[in-house]
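The structure appears below as structure tokens.
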Amino acid sequence: MLGKIQKALTIRSCTIRELLAEALGMFIFMVFGLSSVAQVVLGRGDFGQSLSINLGFGIGVTLGIHAAGGISGAHLNAAITLTHCLLGNLPWRKLPAYLIGQFLGSFLAAATIFGIYYDALYDYTKGNFTVMGPTATASIFSTYPAPYVSFLGGFFTEFVATVILLLGILIIHDEKNNGALKGTQALLTGILVLGIGLGMGMNTGYAINPSRDLPPRVFTAIAGWGIDVFTAGHHWWWVPVIAPVLGSLVGVLLHKLFIDLHNQPVLESGNEKRQPVVETS
């Protein structure tokens, strides 16, 4: 009986399997990240500080990659998926499936954290969910610029942080150079995200990922925060969508120009035998 049920539920389509993997990986990643933000904000500093948020997202990324990596490659980031398509590493026909999976997992994670912390949210805000002000809570779910940050400064922060993210990911997976040991890539990527948060999280909350920022923003607009989530910060919402895409492309370009293009097999002196090279996807 169980065998028949398993057979009926098994999905054969590779694209749908990748969609589901991205959704689950993104859900795990975002539940850890958003819940850590919720505890810090709603706990008024008694249940963690900014380091807790950075650790939460780092742990979430690590586990999300383990969940989805063997099936979809665990992009967990629309900017990374789009970059793979532009470089020819992923067929364009798979782009919608990856994006839908990522957005679904992120949206459901936001809804889950809203449900877990609804009582705390109501107690903290007295039922008045706001984007700005002394009891603002929209930042639990999506990123907003700090009051002192200019629009250009915030855009540059997100751009540079994503450049570093892509450089780090490419370095970790660069088997032709000094790539990470097999099985440690997920952990090191989580540490990479932790490091970005520790060093570049103050200005904008380091979204560095459209799939991390936009779906929870849509959820908050529906759940009670209203249209202010899109107008706050001089319509800040589009920066965490566009800046990471540009930063992702520049990160790949820098790795190509400084490392990858020059790290080719060389002729061995004497017998001119080429050294073996492990190709990366």
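The count begins at 1 with the first shown residue.
Keep in mind that glycine also has a Cβ here, set from the backbone N, Cα and C atoms.
So that you can see what the record holds, here are the features copied from TrEMBL:
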- 20-41: transmembrane segment (TRANSMEM)
- 53-76: transmembrane segment (TRANSMEM)
- 97-118: transmembrane segment (TRANSMEM)
- 148-172: transmembrane segment (TRANSMEM)
- 184-208: transmembrane segment (TRANSMEM)
- 235-254: transmembrane segment (TRANSMEM)
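Highest Cβ pair count under 8 Å relative to the transmembrane segment (148-172), across stretches 20-41, 53-76, 97-118, 184-208, 235-254: 235-254. Beyond the ends of the transmembrane segment (97-118), by six or more residues, the same chain brings 15-16, 18-31, 34-35, 38, 42, 72, 75-78, 81, 90, 140-141, 211-212, 214-216, 218-220, 223 to within a C-beta distance below 8 angstroms of the stretch.
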